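What TrEMBL says about this protein:
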ACT_SITE  E357  active site, proton donor
ACT_SITE  H388  active site
ACT_SITE  K508  active site
Amino acid sequence: MSVSVTPLTQRPAWQALEDHYQKVKDIHLRTLFAQDPKRGERFTCEAEDLYLDYSKNRVTDETMRLLLQLAETAGLRERIDAMFRGDKINITEKRAVLHIALRAPKDQSIVVDGENVVPAVHAVLDKMTDFSNRVRSGAWKGYTGKRIRNIVNIGIGGSDLGPYMAYDALKYYSDRDLTLRFVSNIDGNEFVECTRDLDPAETLFIVSSKTFTTLETLTNAHSARKWCVDALGSEQAVAKHFVAVSTNATEVAKFGIDTANMFEFWDWVGGRYSYDSAIGLSLMIAIGSEKFREMLAGFHAMDEHFRTAPFERNLPVILALLGIWYNNFFGAETVAILPYDYYLGRFTSYLQQLDMESDGKSVDLEGRRVNYQTGPIIWGQPGTNGQHAFYQLIHQGTKLIPCDFIGFVHALNPLGRHHDLLMANLFAQTEALAFGKTAEEVAADGVASFQVPHRTFEGNHPTNTILSSHLTPETLGKLIALYEHKVFVQGTIWNINSFDQWGVELGKVLANRIIPELENGSEPELTHDSSTNSLIRRYRRMKKA
Ligand code: F6P
C-alpha cells in the first residue's frame, strides 16, 4: 500500500495536525464549552447502547476533521476490510487476524487459506456448550463419581486475563454453586493458595494455552496433575479432571490429556484476542452457554458497527483518534481506564495486555525504527477507590493523563443510595478534571491566601465518558470489542503490527538459560554480565544457607 511508504510524520495529514496543535494547545475546556453551549451534546457518539461523551477533550471541530483525515489517509478503511476479509495482516507471523470470526453468525463466510472458518468456530462452540452443560448439570463426574464444583483455569496472559476479567465482570450471572479459580503465575504460592481449600475429587482443571508450551502454564499444569493424582490415587483420574484449550493437539496429548477433551482454536486468534474463543470455556461453565452467546452477540454488534459506521460516528475510531491526539501531539505517555463498577475490577489489567502487547512496538511495518510515540501505558482501577489514591496526581500533578470513565445507569444490585452516589462521583470527576477551579473562585470561598495556589485546580484534563444501561454479557462483549478495535485503529495509524509480540521472547530465552544454573547442584560456571552473575551467586549462596 503506497500509504505506508511515506513515514507517518512526513505525511501532510500529520503535519496539518502538528500545525493545528500549535494553534489550539493552550485553549482551555472552559473556553470551548463557553463558546459552544451545545458542545456536551454535539461531541458525542452513540451506538449499540454505548454512549460516548467526548466533549471534555481538548479538541475543536477542526481537530476532529484533521484526525479523521489522518485516519482516511492512513488507509484505515482498507485495513479494516483486510482484517475482516481474513488477509494475513499479521505480516511478521504470516497470519490472518480473525478474532471477529469467533463471534460471526453461523451463516457468515470468512475464508482463510481457501476454507470458510465459521463452521469450525461454531462446531467448537457447540462442543463447549455440550461440555459446559454437562459440568453445570452434574452429568460430568469426577473420577470418584462426585460432581464437579470447582473449576480451575490454568493459563497466563491472554489465556488467563480474558476469562478471569470476564468471569469477574459477569459474576452476577454465574452459577454460585461453582467455585472458579484462575492460576497463572509460576510462583507456587499462587497454585497453593488457589487449591488449598478445594476437594480434588470435585475439581476440574482447564489447561488453557494457545501454544501448550508456555513455561508458567505447563509448570502449573504438572503441579495440578500431581495434586490430583496424589489425592485420588490413580493416573486415570486425569481423564476426568483435566481438559485442555489449545491449538497444539500434539503437546496436549503429550501432557496426557485425551484430545477428545481438547477444545480447539486457531493460529489466527491472537492470545490477547482469544477469550471469546474456547479460551473462555471456564467463563462459559460459570455463566452458561446462553449468556456466553449473548456476549458473543455483543462483540459481533460492535464488530459490525466498527466495520460499517462512517469514521466520524465510529466509536472505536473516535476513541483511537483522541488517544493519538494526546499521545503524539500533547506528549501524554499514559491513559487511565477508570470503570465505575465493582464487577469491572480486572478490566484495566485485561486492557493492559490488549493494548500494551499489541501496540508496544517501535518498528513500523516496513521494519523502520519509528520516530514517534506508539502505544501508551495503560493503567487504572475502578472508581471510587482510585479517587482516594491516585486521582490527586491527575487533578494537580504535572502530567497530562487522558482518562476513560466507564459507568452504567442501572445497578445490578440496587442497594439504597449506593448507585446514585457512585455515578455522582463519576460525573463529578469528569467535571472537576475539565473545568477545575480558578484561584479567583478559590479565594472567593474565603480560603486563606497562602492556601489558594494549593487549592486551585487548573482543569483542562481530558476525559471520555462511556455510559451504558446495564453491565450484561452483551454489553461486556461490546466494550471489549470497542477497545480491541481502538487498539487496531491506533496500530494502523502508527503503521505497526499490532498482532505480534516478539518483545516477550528474549526474557523467556534467558530464563530458560538461567533455570539450570539455579537448579543444578553442580553450579555451572556463569557467563552473564557481572550484575546477573552476582545476583545468581547470591541466590545460590543464600539458598544453601
Ligand atoms: O507472553 C506472551 C504470550 O504469548 C501472550 O501473548 C499469550 O497470551 C501468553 O503468552 C500465553 O500464551 P499461551 O496461550 O500460548 O500459553
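Each Cβ is built from the backbone N, Cα and C atoms, and glycine gets one as well.
All protein chains considered, the CB of the residue listed as 'active site, proton donor' has 22 other CB atoms within 10 Å. Working note on the active-site residues H388, K508: by count of other C-beta atoms within 10 Å of each C-beta, K508 ranks first. Separation of the C-alpha atoms of H388 (active site) and E357 (active site, proton donor): 29 Å, rounded to the nearest whole number. A gap of 15 Å separates the Cα atoms of K508 (active site) and the residue listed as 'active site, proton donor'.
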